[in-house]
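Undergrad: Can you keep this structure in mind? I'll have questions shortly.
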Amino acid sequence: MFSFNMFDHPIPRVFQNRFSTQYRCFSVSMLAGPNDRSDVEKGGKIIMPPSALDQLSRLNITYPMLFKLTNKNSDRMTHCGVLEFVADEGICYLPHWMMQNLLLEEGGLVQVESVNLQVATYSKFQPQSPDFLDITNPKAVLENALRNFACLTTGDVIAINYNEKIYELRVMETKPDKAVSIIECDMNVDFDAPLGYKEPERPVQHEESIEGEADHSGYAGEVGFRAFSGSGNRLDGKKKGVEPSPSPIKPGDIKRGIPNYEFKLGKITFIRNSRPMVKKVEEDEAGGRFVAFSGEGQSLRKKGRKP
């Protein structure tokens, strides 16, 4: 049995309601047309020829249409969705990042097969540059960018556009399978540390020995001049007794306090230094204490006393 290919493009083959064919792939920048199709580069969908739509419509294909792309020369594969069926026959257009994952060059052959994927529940990404940390809300940015994608494959490096800058993210993990659909799904997203990111080094704090003396080398020395430390002058020339100011505390006189070993994190305790009042009992002295109205009285007119 001999088979002849009478057309310039391969004929799609159908096995058990499955679409499978080969196309020559090109990047979206080579798509002919007056309109700018840079929006295709921002997502994970491809552009296929109209004949593919004719074949898919005859099959019992579940929606959304998802495809597995395989480069047999490099044994690399990925998954994608379809955006439009306007490409030339025998040609499909892929985003540039997808061609890099498949190690495809312009005009290379790629195997396209229809597949059914499970809905994603979890995915983990690793930014390929520390610049991704400059984004204020990375989860919101990623959620907005993934609206242009149909599925995710573990190991792929996807590209998202934010603030006129391209950020690359590697898909580290997907659940419940290595290839999942992200259309109308509730998916938990997690991030790994960016590639080449180094945590800032924290200064090492050396523990001071409790028994050793404290280092007071950082204390400021005694100042020679102090404002308002002299004696004042009065207008009448008299001198007023001024109590001498207390001598400043020397660093050597400072003693360490006892730490509170019962301290609990998040509990604030207000400690009041209440001093008990000392009751002073004064002893009564017979000759030295003054008692009011204790003397003898005197009268202006002397009266005789009756016997």
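For all residues, glycine too, the Cβ spot is worked out from N, Cα and C.
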Undergrad: According to Swiss-Prot, one residue in Ser38, Ser299 is annotated as phosphoserine; name it.
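TA: Record annotation (Swiss-Prot, phosphoserine): Ser299.
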Undergrad: Out of Ser129, Ser231, give me whichever of these modified residues has the highest number of other Cβ atoms within 10 Å.
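TA: Answer by Cβ density within 10 Å: Ser129.
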